[in-house]
């Protein structure tokens with residue numbers, strides 16, 4: 001519970017030093033931490049009075065330590081391990097069950113289809129959640145339980161379905177049982193994607209809600225780093241002969257991988273949910289609205305799209321174009337590398353025996369997997385080191401209107417002695433938006449080179465270079481949107497308190513900031529509703545998922561025209577898809593160039 005701040009001449013001897021500066025945590029925020037924060041025992045967070053009238057603590061803008069940011073975002077790592085198991089091993093596993101390749105595309109539409117519907121719907125549900133445990137954590141935990149159940153069911157579907165049907169008298173080796181297993185596995189994939197998207201929606205909204213505006217870049221950079229760690233762990237686990245060492249988890253590679261993913265997801269979500277506190281959404285909050293039906297849900301989504309904040313709308317435009325281009329990287333990289341690898345062998349012997357051809361393509365798949373590992377390493381390295389050089393665009397929140405703010409601003413402007421070595425490495429003008437824009441150009445250039453590359457080494461280098469773009473895609477858009485949401489919420493809180501007047505012993509409850517209170521609002525509740533983080537992030541996820549559906553259809557058309565039969569030399573269809581993806585990302589760079597670095601900021605003085 002927040003307490004009132006001491007007066008200017010209070011004794012500061014008991015204060016702990018501010019958190020150690022970290023890439024993305026600028027001088028302004030650090031100086032405010034040192035001079036104007038009160039230490040909180042919660043994971044090293046420092047409470048700031050920025051955000052409202054004097055004497056009122058805004059805990060939603062409290063600066064979090066590195067440990068706090070790690071606990072806030074660590075669930076992303078466990079989720080990525082679970083997702084990587086499905087994406088990297090799902091296709092071979094389904095093929096081993098007897099699913100035909102022609103039906104595989106329908107199966108992998110599960111991700112974008114569920115992402116288009118589930119994420120925004122979960123966003124609405126969590127925005128309206130009034131459980132005392134918080135808005136997002138119930139969905140994180142429930143989604144994780146469902147994901148664990150889905151992974152275990154998928155790994156053991158043959159034994160589960162076969163055993164149940166055997167009890168009913170069916171022959172386990174019959175065609176009917178095989179079809180039943182395939183149907184159950186496909187249904188399991190769709191249900192698993194629903195569960196995974198539920199966790200993703202809750203985690204991303206959790207990060208936006210619990211990280212202050214001036215640390216959104218840092219929080220999302222940390223999430224992107226942990227995503228890279230999850231990818232690398234997944235790839236390394238895939239290389240090892242897991243059943244030989246972890247036989248007690250299962251007798252196949254897929255069973256052991258699913259068990260590892262379940263453990264990783266459970267541990268990381270448990271750590272995050274127990275270590276990071278959400279405010280009680282029942283405090284200072286209007287009653288929850290009724291859960292909308294399907295028609296009302298889509299109507300609300302389209303209404304929300306029309307009133308998206310300007311930078312968020314531009315980010316969604318970038319994402320819509322970019323994810324058409326990212327789709328080939330995610331799903332066709334191994335095939336693209338393999339296509340190049342097999343060409344010399346097919347030219348020497350275009351009439352290989354089926355067994356030789358299978359062995360050749362198996363080796364080609366390993367080459368493609370190695371390229372993905374290089375991509376993951378480059379992505380993680382980018383997320384670790386690039387923030388050091390990026391100039392922060394979000395300082396400690398400026399919406400406070402207390403009498404001490406003038407003194408603090410003067411001190412911050414004149415104090416240049418406490419600049420860390422890492423702060424000196426920041427490149428003036430090299431903002432997060434500009435780094436994102438440069439990475440999009442880099443991706444487009446690499447993909448335009450794809451049809452002209454003839455060696456595995458060069459193709460692997462191209463895929464590795466795109467790791468820079470992938471790192472920015474997991475960081476920049478989320479940080480830009482999160483910052484805009486938190487700035488808006490902070491301005492609304494300050495505006496509301498200015499209308500109602502301060503209470504010396506009260507704090508700014510995060511849950512009390514969900515209504516827009518304009519100058520004409522008298523505090524009686526006659527105000528207009530605004531979209532909350534869950535809805536906005538859900539719309540952003542739609543801008544990611546819908547283009548993947550379009551890319552699936554477009555890729556199928558390209559393959560229909562240019563693909564040659566398996567084992568035929570000269571097939572460059574995957575390279576063609578890669579190049580077309582580069583053109584879409586080049587279009588995305590146009591929209592990215594239109595994003596304002598700082599965004600339309602509105603001070604409390606202007607808003608009131």
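Don't overthink the numbers, they just go from 1 along the chain as shown.
In case you wondered, yes, glycine gets a Cβ from its N, Cα and C as well.
Since the structure is predicted, the reported quantities are computational estimates derived from the model, not experimental observations.
Per TrEMBL, the listed range annotated as transmembrane segment is 138-157 (candidates: 138-157, 198-217, 218-237).
Of the candidate ranges 46-65, 66-85, 286-305, TrEMBL annotates residues 66-85 with the feature transmembrane segment. Feature transmembrane segment, per TrEMBL, maps to range 370-390 of the set 349-369, 370-390, 391-411. Per TrEMBL, the range carrying the annotation transmembrane segment out of 17-38, 105-126 is 105-126.
Looking at which of 66-85, 435-453, 459-481 has the most CB pairs under 8 Å to the transmembrane segment (320-342), the answer is the stretch 459-481. The transmembrane segment (66-85) shares the most Cβ pairs under 8 Å with 256-276, out of the stretches 256-276, 370-390, 435-453. Under 8 Å from some Cβ of the transmembrane segment (177-196) lie the Cβ atoms of residues 79, 82-83, 86, 90, 93-94, 97-99, 103, 107, 110-111, 113-115, 118, 143-144, 146-147, 149-151, 153-154, 157-158, 160-162, 165, 170-171, all in the same chain and six or more residues away from its ends.
Counted as Cβ pairs under 8 Å, contacts with the transmembrane segment (574-592) are highest for 435-453 among 105-126, 370-390, 435-453, 459-481.
For the transmembrane segment (459-481), the residues of the chain that approach it from at least six positions outside its boundaries are 204, 207-208, 216-217, 219-221, 223-224, 227-228, 311-312, 315, 318-319, 322, 326, 329, 333, 336-337, 340, 367, 370-372, 374-383, 386, 432-433, 435-436, 439-440, 442-443, 446-447, 449-450, 453, 536-537, 540, 585, 595, 599, judged by C-beta separation under 8 angstroms.
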